[in-house]
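> Pulled these features from Swiss-Prot for this protein:
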- 1-59: region 'Disordered' (REGION)
- 118-176: domain 'Chromo' (DOMAIN)
- 256-314: domain 'Pre-SET' (DOMAIN)
- Cys258, Cys269, Cys296, Cys300: Zn(2+) 2 binding site (BINDING)
- Cys258, Cys260, Cys263, Cys268, Cys269: Zn(2+) 1 binding site (BINDING)
- Cys263, Cys296, Cys302, Cys306: Zn(2+) 3 binding site (BINDING)
- 317-440: domain 'SET' (DOMAIN)
- Cys328, Gly329, Trp330, Tyr371, Asn397, His398: S-adenosyl-L-methionine binding site (BINDING)
- Cys400, Cys465, Cys467, Cys472: Zn(2+) 4 binding site (BINDING)
- Ser448: phosphoserine (MOD_RES)
- Ser451: phosphoserine (MOD_RES)
- Ser455: phosphoserine (MOD_RES)
- 461-477: domain 'Post-SET' (DOMAIN)
Amino acid sequence: MATARAKARGSEAGARCHRAPGPPPRPKARRTARRRRAETLTARRSRPSAGERRAGSQRAWSGAPRAAVFGDECARGALFKAWCVPCLVSLDTLQELCRKEKLTCKSIGITKRNLNNYEVEYLCDYKVAKGVEYYLVKWKGWPDSTNTWEPLRNLRCPQLLRQFSDDKKTYLAQERKCKAVNSKSLQPAIAEYIVQKAKQRIALQRWQDYLNRRKNHKGMIFVENTVDLEGPPLDFYYINEYRPAPGISINSEATFGCSCTDCFFDKCCPAEAGVVLAYNKKQQIKIQPGTPIYECNSRCRCGPECPNRIVQKGTQYSLCIFKTSNGCGWGVKTLVKIKRMSFVMEYVGEVITSEEAERRGQFYDNKGITYLFDLDYESDEFTVDAARYGNVSHFVNHSCDPNLQVFSVFIDNLDTRLPRIALFSTRTINAGEELTFDYQMKGSGEASSDSIDHSPAKKRVRTQCKCGAETCRGYLN
């Protein structure tokens, strides 16, 4: 059974962008002077005049910066399936260029209706002058140098006003400077905090959109940080399945499959492997920890509704990556109730050799971070490293009294050296409750003394446990 090594918090994904591939070549239409100007990408940034500026309703950022697409391709890009390419020009820059050249482009949100409207991105500061309340506005798609003071009566962005007020109260509560609440102007430190909080909120929203674009399962992913100003990890890439390191091959095609008409009652894939069916009629796991799960695979004749296809369907629950307040970094909580013995998520990452894991383990231990998960169901040849490549499970914290249990799963790849790692609930988990598993969990559900006593990588540094459970062992490793 797989054993997870001690892990800590790391970094996050660089910006990705979307671009829609263009249609087949068509006879070129004669370009107008306006289109030629747009294609040169030389339009200068201009500041909106006071007469033009209008504080419209705020709309959430819907994605990371996008590639520059002009001409016919820009107009028709939304009709084609998006794919990732390196960023060329930011979305804000594209929007500004379109407004400058009076061009519309639905794929980047510029229409005839909003072409001349200026949108509030966030509020930076506050003051009262001659009895009138003013807010310093950061305009979406415009640099900070174009920020302007606008009277409250001109602002139609209740959510941003509410966020501004909440951020101010949060800062004052943290600093215990409650006397400044009714001041006619904000102290520079408060204004700076509010701006940083607004920028963090935008960055987390972009990251949340990135995660949901990358996932291939039903459950949605949300992100929140109400604790500090930390933004998304900078060097983390979301993947949905194992990523083999160079020199490692993972067979993705099954060698045999069942021909059952009813996999719940007929002799099925588990029987062929010498084990029992892992699930009951309610799709809950019924086997003991340490027993492998053999699901139906791509060669089986049964359909997607087969009762022996659970892990391969992916996470069905909406989860939230959140910043913990107890010093454990990022964590994961469920937003819906999860029944006991239900599949929650799969642990994925980069598959490396045990020798490479020892080398990386030294580096990670010196930095106080590691996401190494040993695949030792039968042998100890491979390890999953989720430090840079992983899914939501990358952020799940340790607990000595966890609510998730580890199981080894075999679907298309039947190589016992490379089981897939599934996490099932051990009890009913209520909405809002943090998800945890034991980093030293073995098939029996107990800590592996062998792993702790004999692993050279784990002898180097002992990481203190902060789970707070009554049965806490004191250390993660």
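A Cβ is built for glycine as well, from the same backbone N, Cα and C atoms used for every other residue.
Quick one: how deep are these features, and who are their neighbours?
Note on the domain 'Pre-SET' (256-314): DSSP counts are 7 helix, 4 strand, 48 coil.
Here the Cβ of Cys296 (Zn(2+) 2 binding site) has 25 other Cβ atoms within 10 Å, regardless of which shown protein chain they belong to.
In the shown protein chains, 20 other C-beta atoms lie within 10 A of the C-beta of Cys306 (Zn(2+) 3 binding site).
Broken down by DSSP into helix, strand and coil, the domain 'SET' (317-440) contains 18 helix, 49 strand, 57 coil.
The Cβ of Cys465 (Zn(2+) 4 binding site) has His398, Cys400, Cys472, Arg473, Gly474, Tyr475, Leu476 as same-chain neighbours under 8 Å, each 6 or more residues away in sequence. In the three-state DSSP scheme, Cys465 (Zn(2+) 4 binding site) is classed as coil.
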> Around Cys302 (Zn(2+) 3 binding site), how many other CB atoms lie within 10 A of its CB?
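I get 21 for this one.
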> Please give the S-adenosyl-L-methionine site's span as the largest CA-CA distance among Cys328, Gly329, Trp330, Tyr371, Asn397, His398, to the nearest whole angstrom.
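Across Cys328, Gly329, Trp330, Tyr371, Asn397, His398, the two farthest Cα atoms sit 14 Å apart.
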> Please report the DSSP secondary structure of Cys472 (Zn(2+) 4 binding site), reduced to three states.
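Once the DSSP labels are grouped into three classes, Cys472 (Zn(2+) 4 binding site) ends up as coil.
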> Taking only C-alpha atoms and a 10 A limit, tell me which of Cys258, Cys328, Gly329, Trp330 are near Cys302 (Zn(2+) 3 binding site). These are the binding-site residues.
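If one measures from the Cα of Cys302 (Zn(2+) 3 binding site), the binding-site residues that come within 10 Å are Cys258.
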> Counting other Cβ atoms within 10 Å of each Cβ, which of the binding-site residues Cys268, Cys400 scores lowest?
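Taking Cys268, Cys400 as the binding-site residues, the minimal 10 Å Cβ count falls on Cys400.
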> So which binding-site residues out of Cys268, Cys269, Cys306, Cys467 end up within 10 angstroms of Cys328 (S-adenosyl-L-methionine binding site), measuring C-alpha to C-alpha?
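If one measures from the Cα of Cys328 (S-adenosyl-L-methionine binding site), the binding-site residues that come within 10 Å are Cys467.
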> Around the recorded Zn(2+) 1 site, report the further residues of that chain (criterion: Cβ within 8 Å of the mean position of the Cβ atoms of Cys258, Cys260, Cys263, Cys268, Cys269; site residues excluded), sequence-ordered.
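Counting only non-site residues, the set is Gly257, Ser259, Asp266, Lys267, Pro270, Ala271, Glu272, Cys296, Cys300, Cys302, Cys306, Asn308.
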